[in-house]
Amino acid sequence: MRVNCSSSSACTANSSEGELPVGLEVHGNLELVFTVVSAVMMGLLMFSLGCSVEFRKLWAHIRRPWGIAVGLLCQFGLMPLTAYLLAISFSLKPAQAIAVLVMGCCPGGTISNIFTFWVEGDMDLSITMTTCSTVAALGMMPLCLYLYTLSWNLEQNLTIPYQNIGITLVCLTIPVAFGIYVNYRWPKQSKIILQIGAIVGGVLLLVVAVAGVVLAKGSWNSDITLLTISFIFPLIGHVTGFLLALLTHQSWQRCRTISLETGAQNIQMCVTMLQLSFTAKQLVQMLSFPLAYGLFQLLDGFLIVAAYKMYKRRLKNEHRKKDTGCAEGCHKKKSTSLKETGAFLEVNEVAVTPGPSVPMDCHTAFESTSHISSSTYA
């Protein structure tokens, strides 16, 4: 059966029931809200984060794309393989397995860029990886889905949302290019824009998360297995991405960047692809996974940022203690040196002073005088 649903009404016509199932009644509103908010969020974030990108460093990543190559290997090598293994290991239903696999084949999302900024990662590499993975998704998504679903005997042909990928590219490249130009012409103002954009981006991330929970409250599936996978999947992506970057001798800054890029997926693209490929009845079993994945990747990102801030504060305290201890040690050493120098000078002064002490002088002088007088009178 070939299904190509682009709207709720089309999906209703293909379903066996005349009405939408419970939980998808607000599906159209959910799609509209996510589309508008995601577009606004992406534009603001990419413009503000583009203000931190220097064209010289960006060009250096393009000329020597080792970090980009490692990131793409994580994105379209590790993540689809992890999704396939999770679907097989947990014996998921066909519809749920497809949802997990589609999520694993999606490119990186813009959420990774703002988390990379918060952990002081390589912003040039992060934005380049997001853009390159989105471009590569035009060919890698169909290839990965074809390879991993050969043995699944799917009834539906998965529809790749090329239009959505094109819109994502436009929303990425134009704001980033404008931000790079602002950083080149007005570097001082770009720092202010970057700080404001980071705060606004964090607020918008929370708004998207709350809107997703409220509007999709009827679409949630209480399947514990699916929720468990949505929890561990981004964690596996972060860990494996970090380890692969470490094994390829990337810097610590790049390791953090590649880790965040690997675990963060484009949720909107996954939801759009599922809508285009399956009926409303099937979406009841599938839609909860990308929503749960989005919430858990937000939670994981905030935990990673918090852990990094605590680690950085701990290092700063240790350095402060070392500096204080060094200063005290230098002060004590200096005081001891001054005391030794003073004692040395006192000893030398006593040694150089001519004549014995005063009592000896008086006694010796009296004896000498008496001896002289006796000799004279004699």
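Placement of Cβ uses the backbone N, Cα and C atoms for every residue, glycine included.
Per TrEMBL, these features apply:
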TRANSMEM  32-55  transmembrane segment
TRANSMEM  67-92  transmembrane segment
TRANSMEM  98-118  transmembrane segment
TRANSMEM  125-148  transmembrane segment
TRANSMEM  160-184  transmembrane segment
TRANSMEM  196-218  transmembrane segment
TRANSMEM  224-247  transmembrane segment
TRANSMEM  290-311  transmembrane segment
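Counting C-beta pairs under 8 angstroms (sequence separation of 6 or more), the transmembrane segment (290-311) reaches the transmembrane segment (98-118) with 3 or more such pairs. Contacts between the transmembrane segment (160-184) and the transmembrane segment (125-148): present, as 3 or more C-beta pairs lie under 8 angstroms, all at sequence separation of six or more.
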